[in-house]
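Asks: Checked Swiss-Prot, it gives:
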BINDING   E170, D226, E228, D262  Ca(2+) 1 binding site
BINDING   E170, E228, D259, M260, D262, D295  Ca(2+) 2 binding site
BINDING   N261, N263, D293, N301, D353  Ca(2+) 3 binding site
DOMAIN    268-382  domain 'Cadherin 2'
DOMAIN    383-497  domain 'Cadherin 3'
DOMAIN    604-717  domain 'Cadherin 5'
CARBOHYD  N190  N-linked glycosylation site
CARBOHYD  N273  N-linked glycosylation site
CARBOHYD  N325  N-linked glycosylation site
CARBOHYD  N402  N-linked glycosylation site
CARBOHYD  N572  N-linked glycosylation site
CARBOHYD  N651  N-linked glycosylation site
CARBOHYD  N692  N-linked glycosylation site
REGION    863-883  region 'Disordered'
Amino acid sequence: MCRIAGAPRTLLPLLAALLQASVEASGEIALCKTGFPEDVYSAVLPKDVHEGQPLLNVKFSNCNRKRKVQYESSEPADFKVDEDGTVYAVRSFPLTAEQAKFLIYAQDKETQEKWQVAVNLSREPTLTEEPMKEPHEIEEIVFPRQLAKHSGALQRQKRDWVIPPINLPENSRGPFPQELVRIRSDRDKNLSLRYSVTGPGADQPPTGIFIINPISGQLSVTKPLDRELIARFHLRAHAVDINGNQVENPIDIVINVIDMNDNRPEFLHQVWNGSVPEGSKPGTYVMTVTAIDADDPNALNGMLRYRILSQAPSTPSPNMFTINNETGDIITVAAGLDREKVQQYTLIIQATDMEGNPTYGLSNTATAVITVTDVNDNPPEFTAMTFYGEVPENRVDVIVANLTVTDKDQPHTPAWNAAYRISGGDPTGRFAILTDPNSNDGLVTVVKPIDFETNRMFVLTVAAENQVPLAKGIQHPPQSTATVSVTVIDVNENPYFAPNPKIIRQEEGLHAGTMLTTLTAQDPDRYMQQNIRYTKLSDPANWLKIDPVNGQITTIAVLDRESPNVKNNIYNATFLASDNGIPPMSGTGTLQIYLLDINDNAPQVLPQEAETCETPEPNSINITALDYDIDPNAGPFAFDLPLSPVTIKRNWTINRLNGDFAQLNLKIKFLEAGIYEVPIIITDSGNPPKSNISILRVKVCQCDSNGDCTDVDRIVGAGLGTGAIIAILLCIIILLILVLMFVVWMKRRDKERQAKQLLIDPEDDVRDNILKYDEEGGGEEDQDYDLSQLQQPDTVEPDAIKPVGIRRLDERPIHAEPQYPVRSAAPHPGDIGDFINEGLKAADNDPTAPPYDSLLVFDYEGSGSTAGSLSSLNSSSSGGDQDYDYLNDWGPRFKKLADMYGGGDD
């Protein structure tokens, strides 16, 4: 049929509202589903529709739930929906022969969930109208009429239609291309037009899904659609003439892909894990499982429902859990969850679309694993009512007893972990109970020393609890309390001194043999008959001794407060007390002697060395006194000069500045520079006072205008100490030893040079009597000889006719030899290097000395040797028959040869 895009609603005739709702009864009880029970509502109306006229009624099922649903029409300008689902006409308009299509939306006000249903309104046919077109006829979409000029004025066109969308189901089986609508312009009667469509699905990706016949305007789809990929296509239709000029304004064409139930629900996880505490009441939330469906969630195809297919194990009830069919929330519906009996439940969950319709809906399953978590519903119970243990006295951190308990709760959880406490029998807190994290046992431990002589046994009352309180309604049984009997074992303890340290006050200077005090040690083992012996452990100055039996301490030397072993007037000595127990034990005690000072040290001058100028002005010497005693046996001091020698008071004068300082000055106008020893009498304030003549070494020197000595040497340089003298002597001795070693080394070096040979042994050295022999050639260059001269010895010329160039190099030249300077005498054997260098220089300057860079010709000795080889040259007699004594006459060069053959029997 024809859909006029530009036709106004006022042209639709009003027909009586006739609702045709057909629901096929299948004989089965359908499951309740929320939403519209029908996919499409249709009504046949009269030609004229009046404002406020009820047209039809749409039903909405909320499955007995009090949903507040609000209705809305896709064409609010023409239709409205009342709260009860009645559809009214907003205005009056004639209903045309074509169908009027629109959508009705229902939305939950609370959850914002939305449903929709299609409504088709058709006009009741009349006798004068053409019969209805066949169903296979294609719907047309006509371009709206344009504004046109008429009699020089513009005419307004009537309000255009908003073209309803085209609904096209997904997964259509064709055949393809499948015709949808025909797009046409009213101007095709006068012009030759060309039609085209643009937009995604046509000329934009994905391209080629929709095509249009450019001449007829037939719009077709070329392949099945998938709503899950693209749910809506928005195309634009164009009409141009054959020259490409736009004839009509483009119109929008919306193609909705209608969802089909082609996707099964998919769970987000195949295995869901949840937990619930044991003993939970019915209605306790456990977990939520969720599945999704790729189909339209606002249609039945995407509306899921959940249910539990099975539960394992089925104890104590086969229906311990239930699931909300819409949300997937799993809750408990029965009591009796006990982890000690069933620790885990496995549920098979099914999700079905089509609102759970088992006939038409698609389903999928997942597994829900529910773990029953432990609660503290089982208190710990001791395995015995009384536990026993023992501990040696004075021992700490010792495990006395091991307490064992049983707990049926899950191990290593707060409901199983035991916490022990001592409820009685330990008022002073000498014991503590630790928990073994692995075995959950209680370890009774001693944390404070126990004295056998005070407590021989303890009876403790202990209680066992958990780290978390017991579940509501659970009480601790009597087995959660036990008794621990601890026996204390007597051991040999250390003797001890009281008080320790012991402090006494004594004057220094006590003579040896003076009894100071008695140290007495006590043995805490009252029930053991033991003897104590005393020994000295520490006595830094070795002043004391102790009686081994009674502990009496006596001096063996004079006590001196000024000793370096006395710190802050206190002398410390340590003594040891040992018993004869098994094993023997010992204890230490300290004696502190506070030494009172006596005036036993005379004062000394300080400093002991000073310097002054030769004249009284401009400086003087400030002195003080050093006294190792303390007040009142020290200062104030009195300073004076002795009467003898008389030069002291003649040259010097001393003035007391205060009780601790005095000033020494020159009394005469000039004193020659030098070192002077000035005796000074110093008296302290002790009772009786103690005096001392102390020597002050004064260096008198020449001074500059500032009163400073111009001498470089200090007073210490006036004399050498013993150490300096020893150092100087050692340096002198070391220097002498080095010189002596150098002389010995030089002499030995000279001897080695005399004994060293140049080319031969020292005994063969004949440089004092040089012998000259004929030389047969030079160095390497004379080895390059002519083999032909050796192979043809007959061609050798006589000496008289030999050319000069081929004479033997070892022959003396015939002409007069040039005179060369006579070589100097051989140098001393110690300077072998100089001797070799001089000989080399002389040989280089001698033109007659071989070798020459020339051919060497040797004398011809005849041919035809009777000896075929060197081995054939054998003496007619043995070596013993020959006399080699003549070798001794050949000189030192043949001495070795003479020794070899003339050595007699050797």
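For all residues, glycine too, the Cβ spot is worked out from N, Cα and C.
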Asks: Please determine which of the binding-site residues listed here (E170, D295) has the lowest count of neighbouring CB atoms within 10 Å.
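Replies: Per-residue Cβ counts within 10 Å for the binding-site residues E170, D295 bottom out at E170.
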Asks: Going by C-alpha distance, which of the recorded positions N190, D353, N402, N692 is nearest to D262 (Ca(2+) 1 binding site)?
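Replies: In terms of Cα distance, D262 (Ca(2+) 1 binding site) lies closest to D353.
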Asks: Determine which residues of the same chain, besides E170, E228, D259, M260, D262, D295, have their CB within 8 A of the center of the CB atoms at the recorded Ca(2+) 2 site, and list them by sequence.
Replies: N171, D226, R227, V257, N261, N263, A294, D296, N301
Asks: Please classify the secondary structure at M260 (Ca(2+) 2 binding site) using three-state DSSP.
Replies: coil
Asks: On the DSSP side of things, how many residues of the domain 'Cadherin 3' (383-497) fall into helix, strand and coil, could you say?
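Replies: Taking the domain 'Cadherin 3' (383-497) as a whole: 3 helix, 53 strand, 59 coil.
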Asks: If you count the C-beta atoms lying within 10 Å of each candidate's C-beta, which of the recorded positions N190, N261, N263, N325, N692 ends up with the smallest number?
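Replies: Checked N190, N261, N263, N325, N692; of these recorded positions, fewest Cβ neighbours within 10 Å: N190.
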Asks: Between E170 (Ca(2+) 1 binding site) and N402 (N-linked glycosylation site), how far is it from one CA atom to the other, in Å?
Replies: 77
Asks: What does DSSP say about D295 (Ca(2+) 2 binding site): helix, strand or coil?
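Replies: Reduced to three states, the DSSP call for D295 (Ca(2+) 2 binding site) is coil.
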Asks: Using the centroid of the Cβ atoms of N261, N263, D293, N301, D353 as reference, list every other same-chain residue with Cβ within 8 Å of it (recorded Ca(2+) 3 site), in sequence order.
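Replies: Going along the sequence, the neighbours come out as D259, D262, R264, P265, A294, D295, D296, L300, G302, M354, G361, L362.
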Asks: Could you give me the DSSP helix, strand and coil counts for the domain 'Cadherin 5' (604-717)?
Replies: 9 helix, 51 strand, 54 coil
Asks: Among the glycosylation sites listed here, N273, N572, which has the most company in the form of other Cβ atoms within 10 Å of its Cβ?
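Replies: Its Cβ has the most other Cβ atoms within 10 Å: N572.
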Asks: Give me the Cα-Cα distance between N402 (N-linked glycosylation site) and N301 (Ca(2+) 3 binding site), rounded to a whole Å.
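Replies: Answer for this pair: 68 Å between alpha carbons.
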Asks: What residues, ordered by sequence, lie under 8 A Cβ-to-Cβ from N301 (Ca(2+) 3 binding site) and sit at least six positions away in the same chain?
Replies: D259, M260, N261, D262, N263, D293, D295, D353, M354
Asks: Could you tell me which three-state DSSP class N325 (N-linked glycosylation site) falls into?
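Replies: Reduced to three states, the DSSP call for N325 (N-linked glycosylation site) is coil.
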Asks: Counting other Cβ atoms within 10 Å of each residue's Cβ, which of the recorded positions M260, D293, N402, N651 comes out lowest?
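Replies: Result for the recorded positions M260, D293, N402, N651: minimum number of other Cβ atoms within 10 Å at N402.
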Asks: Between the binding-site residues D226, D259, D353, whose Cβ has more other Cβ atoms within 10 Å than any of the rest?
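Replies: Of D226, D259, D353, the one with the most crowded Cβ is D353.
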Asks: Please report how many Å separate the Cα atom of N572 (N-linked glycosylation site) from that of N325 (N-linked glycosylation site), as a whole number.
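Replies: Between the alpha carbons of N572 (N-linked glycosylation site) and N325 (N-linked glycosylation site) there are 92 Å.
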Asks: I'd like to know the mean pLDDT over the domain 'Cadherin 3' (383-497).
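Replies: Result for the domain 'Cadherin 3' (383-497): average pLDDT 91.
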Asks: In Å, rounded, how far does the Cα of N273 (N-linked glycosylation site) sit from the Cα of N325 (N-linked glycosylation site)?
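Replies: Taking the Cα atoms only, N273 (N-linked glycosylation site) lies 19 Å from N325 (N-linked glycosylation site).
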